[in-house]
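Engineer: From TrEMBL, here are the annotated features:
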- 1-114: domain 'C2' (DOMAIN)
- 153-288: domain 'C2' (DOMAIN)
- 421-460: region 'Disordered' (REGION)
- 434-456: compositional bias 'Acidic residues' (COMPBIAS)
- 683-810: domain 'C2' (DOMAIN)
- 855-981: domain 'C2' (DOMAIN)
- 978-1003: region 'Disordered' (REGION)
- 1117-1235: domain 'C2' (DOMAIN)
- 1353-1508: domain 'C2' (DOMAIN)
- 1593-1615: transmembrane segment (TRANSMEM)
Amino acid sequence: MEPSSGRPVDYQISITVIEARQLIGLNMDPVVCVEIGDEKKYTSMKESTNCPYYNEYFVFDFHVPPDVMFDKIIKLSVIHSKNLLRSGTLVGTFKMDVGTVYSQPEHQFYHKWAILSDPDDITAGCKGYIKCDIAVVGKGDNIKTPHKANETDEDDIEGNLLLPEGIPAERQWARFYVKIYRAEGLPKMNTSIMANVKKAFIGENRDLVDPYVQVQFAGQKGKTSVQKSSYEPIWNEQVIFTELFPPLCKRMKVQIRDSDKVNDVAIGTHFIDLRKISNDGDKGFLPTMGPAWANMYGSTRQYTLMDEHQDLNEGLGEGVSFRARLLLSIAVEILDTTSPEILSSTEVQESVSRSNKSTQGLYSLFWVVLKAPIRATGKIDEFFLFGSFLEATMIDRKIGDKAISFEITIGNYGNQIDGVSKPSSAKKKKKDGESEEEENELIQNSSEDEADEDGDLVSVSSTPLMKPTEGILFVPHRNYFHLPYFEKKPCVYIKSWWQDQRRRLYNSNMMDKIADKLSILYVCKVQCPSVTMLHHRLSSLLLQDSMGQQSKQIRTQVKKNTVRDKLKLVQNFLQKLRFLADEPQHSIPDVFIWMMSNNKRVAYARIPSKDILYSIVDEETGKDCGKVKAVFLKKGFGPAGWTVQAKLELYLWLGLNKQRKDFLNGLPCGFEEIKAAKMGPGLQSVPPVSLVYNMKQVFQLRAHMYQARSLFAADSSGLSDPFARVFFSTHSQVTEVLSETLCPTWDQLLVFDDVELFGEASELRDDPPIIVVEIYDQDTVGKAEFIGRTFAKPTIKMCDEYYGPPRFPPQLEYYQVYRGNSTAGELLAAFELLQIGQGGRADLPPLEGPTDSERGPILPVPLGIRPVLSRYRIEVLFWGLRDLKRINLAQVDRPRVDIECAGRGVQSVLIQNYKKNPNFSTLVKWFEVDLPENELLHPPLNIRVVDCRAFGRYILVGSHAVSSLRRFIYTTPDKTSNNWATTEEESDKEKRKKKKKKKGGVEEEEETDERVLDWWSKYFASIETLKEVCVFYSMYSYTFIHPLFRFALRLVYNKELESEYGNFEDWLHTFNLYRGKAGDDDEQALDDDRIVGRFKGSLCMYKLPLSEEITREAGFDPNMGMFQNIPHNDPINVLVRVYVVRATDLHPADINGKADPYVVIKLGKSEVKDKENYISKQLNPVFGKSFDIEATFPMESMLTVSVYDWDLVGTDDLIGETKIDLENRFYSKYRATCGISSNYSVHGYNVWRDPMKPSQILMKLCKEGKIDGPHYGPGGKVKVANRIFLGPTEIEDENGMTEEHLALKVLNHWEEIPRVGCKLVPEHVETRPLLNPDKPGIEQGRIEMWVDMFPMDMPAPGPAIDVSPRKPKRYELRVIIWNTDEVILEDDDYFTGEKSSDIFVRGWLKGQQEDKQDTDVHYHSLTGEGNFNWRFVFPFDYLMAEEKIVISKKESMFSWDETEYKIPPRLTLQVWDADHFSADDFLGEDRWEQLLDLNRFPRGAKTQELPTISIFKQKRVKGWWPFVARDENDEMELTGKVEAELHLVTAEEAEKSPVGLGRNEPDPLEKPNRPDTSLMWFLGPLKSLRYFIWHNYRWLILKVLGLILLLLMLGLFLYSIPGYLVKKILGA
């Protein structure tokens, strides 16, 4: 995952959202949103559930640079009840950057649980879990899908969290404080014209930039305020992010931007890697940085309206110029989510950035808070940078006609063209926010004499202008110039002021040096004395003190057998060191060297300042400080990054001004300093403006250019006309041009006479200048095209040294040729530099004259250096040509193959009619050639295919270079070798026998069970996805696995079959033929476009003479050479049977994120489309199809299996395809025609597929391999080639023991047979990636399939195996809800205030929420008890093997056809409290639920949990199950119990004994015996009144009634007493 250049690359991110669990919330309708960058995709909505099952697959395609890709954030969010009208409420999110996923093994997380959290509610904790797969695929990455394990293993959420290794499961919330103080050195970001207009009108001169800082982290963005018109803005603001710690996002992006009315643009970008500013060890620390200056680099500082290099300012690619520096600090504070203060400060967290307005009141505080640490950035010191240009060569001829100068800049110091206009002199010295007094103090403190000395020292940052001259070139194309410096070398020096943070850079340099030594020490085991001191120094640094102990530990543990593991450890150790060595808080900017022509910047080189930093301690000094270094200037602009504009021999020194006395120490000796003329005599310490060398050495360079191989193809023919140009100092020469080859053997010695090098002889011997070799392609018209470049150091011989072993003559070496970042071949050469002494050239070792009269005056490589040759014979097997494309629109008709190696070669016979038969009639030819004895120096072998046209014309079709002949070297077979595996085998068998005897009791029952098994049983058992075997046998209460079933397990390869068997190139190899110019891309994928066909054949090379033993063998055919026993290559008719099982993870082809896939098989001109059987809206379709096609090899041998997406309107789109070369499989000794199964069966699901029986196959193999056997003996033994195999005795046939089982036993162990044995292809399913030509190199899904081939001249094979998908079985689940108990009481009674609940139970099967069923309501339950006697009936389709319910339904009213879903069988039961006045669906009420997985749920019990059972085994279960819900503290609490009965019946049984829903007919349930209170008041008002009033208030009522009667009587008495009295008185 190294950040590469800013070139965009294809990436594909695939995310499968499987399910969610434990989501917080009530009555949820959750949707998962997957967001990457700006793209969002949503799953479907699942109703009323807290554990939705989705199993939905999303694919995101990107074409961006790697840096941009790896910084993108993957965000998974769960949203509750989102629909068209409302956006829904966020439940929780999970964030991770793409780089974290890419750095995982296989670039993926598989079946992991992401923890959801809510950034707005940081006290809440976990909001739920999402189970998902995330994979990031770049071009050419292979994603290996781990075969799906059993679901129960993954239900352990805590053990399978979606987190990289080393990250704790419990992450805490933290605040990330990014404090932005100030910036300086900003470039102008506006045109001067506008400024001048303003100045004319208003009279003010303003800085032309309006900067603000933007910080991006973990998908959040924060900005500071805009500082108008300021090159040195001061913000003193902070941006706060709230994020989980440790964050799953590695980098923070800090960008200075220029505010503009139209479009804000980036001025510079800086990335902060949080891993570099933190340490997770025992003595670790949180991410902490600064206050420190961050230097920003980007495009050049001149402002242009359309900056084509704006990408550089965005942080893509290497910046070519200093842009600005920013003072910032980062701190992290872990939040204590329990403390109440956190809650009150949420406003701050929400406002991620503080704008000017929001911080008005805080400014003074910030001035105090943020002003204090300015001192912490270090004391300002004066630095001195010195550079001397010893040589400037290889100047591009385009620039060479104008005068040139070189400029060195550090920050804005030394920049004369576009550095920012300097502020006033008072301000000039005032740097980094120090006040005037501090500054004055600093100046006064410097000693008097120093002030005098440096008083008038003005920096000289550029060399004088000089016109380049043509070099001493013996070249047809004078491509390069050099500057005539000769003995006078120009110098530059710059004074600059920076904070003294050298200590950081010193530590970094030390670690770099330890890392350099470590790579030598451990790998090459070369001891070095100073490393212990370095080790000691390093451990004294408090950086990573555990590493010292680690290294000691590694060293003590290295044993012979652990070397490889330890090397891996050391490699990791080395990477860690390199990672630590990169200092994130660099204070001094990098140094830029610019070549100036016509006052314009032409080319640059960038040198990190730490590399040239001086220290008095050697280990701390930069690796290039005070050393002469070759620097190549490149064009910073445009794609031509690999062309060199100039090569400099440059000496650089950077250090404190006060340490300046040492600055010339590293220069080659023998020079005089020339000071500037106008300097006074007193200024002795002024640096020189140039150096004059009066000491020089004269040398002769001999470049032995032997050959190159695998060069870049620069011509449209797919070849090149290469020549090499060698540069040394100001001299250059070329080799001859060799036409039409990628593997030129020049065999040429180039002699450079009188090369003058300045400096002392001893210094030159230790560190000679480098030699540059450039390889070009000669074009007939126009200038030569660049192929690649390599560097070499010559072996030096001084005049007083002896020319002889061990150093001389030098050995030929391979040098890697580079073209930009990619390799472009290898050069085999040797270089020696010989000093010419007093006696002149006569003292040098003599040169031989030209030996070859045809080549003219060209010197060959001398004998001592050129390799020692031996006589070899190369035999070539010409088999045929395949898939030749048209050349210039004409078809290839009469092709021929030319083979060439080291100037010798052989031609094949002509194919008379390519269309009729593309195979050669003569198979084997040979030629003899002299090749080096050292195999590493063998020249490549060139294969060229030409088409013979009329009138004797030949046209090149394509070519292939075999760069290494090593794999084709013939080795005599070792006849003595044998394998002894018999004893082990026998003991294995014995064990198995004993087992069988023990289980003998069950033998009789087993036979009946074969009916249950089918091909899919074998398939599922072998991929171990589902323990289906156990399911079957547990249904029949077997205690062990059926023995036949164990034998019948097949191999499911999760890759192509070819990769398992070496592309089936055991004797027939395929060579791709290339034509056309190679692409400049790093990726090889582009080469696929250049393939114009394939040559099939083979090579065999051996040293002459060959031992007679081989040729004397019986049946040795001298015409076939080493290619004995090879089948004939006449056309052959074959029946090809293709089985397509299923496809997985297909790339969505429709807008809805799904596809409607179907299979297309193509072989030659035959094409089979299975369009009518497309599978609707599936990304994991199960095809289960077999196709028979007749074909004739070799004309029709490339099988293409494609998956297309069916569309109602328009053409169908190709999702992906895979190609299989059937011919290589057909002829391979691995016998890939029909897989060998593990047992022999005449009928049933495991029937033998091959038309030849095992005994016939074995006989044929023995005959072809010329081995003795097979001999069948008594007691189940068979003998083949002195090797005895024991047959499986427990398998009996009608005729007792059969030969077939014994033969099959041998075939399954064929690799154990000496000499001819190899692993035969077993019965298998292969998984092949599907590729789409529009997206090369990126998988579009995978297809599981296999191919059988049967020659038509053999007996016909039996019918194809039935692999059609299993049909789901129809079941009916009957759930009787008898009672509930202890249900929480929710309602308060109006009259009495008592707690009661109106209970009803709701149930549904997962995925069928719309078919939910409710019981009637048990009103006014006062005890939580409810009586129902109510039946739910759920019909469903079930796949026993996969343990999934199959649901087919239309996604929407607009859907054309039904979509099939597979989901786990889960029954949800919920208890609800009904409300009289709410809507019918009772939403918003509390509810409690119980989720039962029908395969694994606890046996019902009122008290304790029991072992889990499966309804599919038990059929009928009755018991009590608990209802649970989450309380306020997010913990599960018991909210009730339900007594239920579950009864599972098949569809047939359901038809025979139907039942009614609820309490209806047929088979009605009796009414529940509910208490009278459970009636509604308006249905039985008297009963309700009687219960509510009489029950509670009967005494009161009786008393009141008694009182009323009493009062009534009293009233009546009082009413009637007067009349009565009157009557009495009147005596009536």
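Note that Cβ sites are derived from N, Cα and C of the backbone, with glycine treated the same way.
In TrEMBL, annotation is done automatically, which means it is predicted and not curated.
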Engineer: Please report, as numbers and ranges, the same-chain residues at least 6 past the borders of the transmembrane segment (1593-1615) whose CB is under 8 Å from any CB of it.
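Structural biologist: No residues contact the transmembrane segment (1593-1615) from elsewhere in the chain.
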Engineer: Tell me the residue counts in helix, strand and coil for the domain 'C2' (683-810), as DSSP assigns them.
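Structural biologist: Helix/strand/coil tally for the domain 'C2' (683-810): 6 helix, 61 strand, 61 coil.
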Engineer: Tally the residues of the domain 'C2' (1-114) by DSSP class, grouping H, G and I as helix, E and B as strand, and everything else as coil.
Structural biologist: 14 helix, 60 strand, 40 coil
Engineer: Just give the helix, strand and coil counts over the domain 'C2' (855-981), going by DSSP.
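Structural biologist: Going by DSSP assignments, the domain 'C2' (855-981) contains 10 helix, 55 strand, 62 coil.
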Engineer: So, by DSSP, how many helix, strand and coil residues make up the domain 'C2' (1117-1235)?
Structural biologist: 12 helix, 53 strand, 54 coil
Engineer: Would you report the average pLDDT that the model assigns to the domain 'C2' (1-114)?
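Structural biologist: Mean per-residue confidence for the domain 'C2' (1-114): 86 out of 100.
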Engineer: So how many of the residues in the domain 'C2' (153-288) end up helix, strand or coil by DSSP?
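Structural biologist: When I sort the residues of the domain 'C2' (153-288) into the three classes, I find 20 helix, 56 strand, 60 coil.
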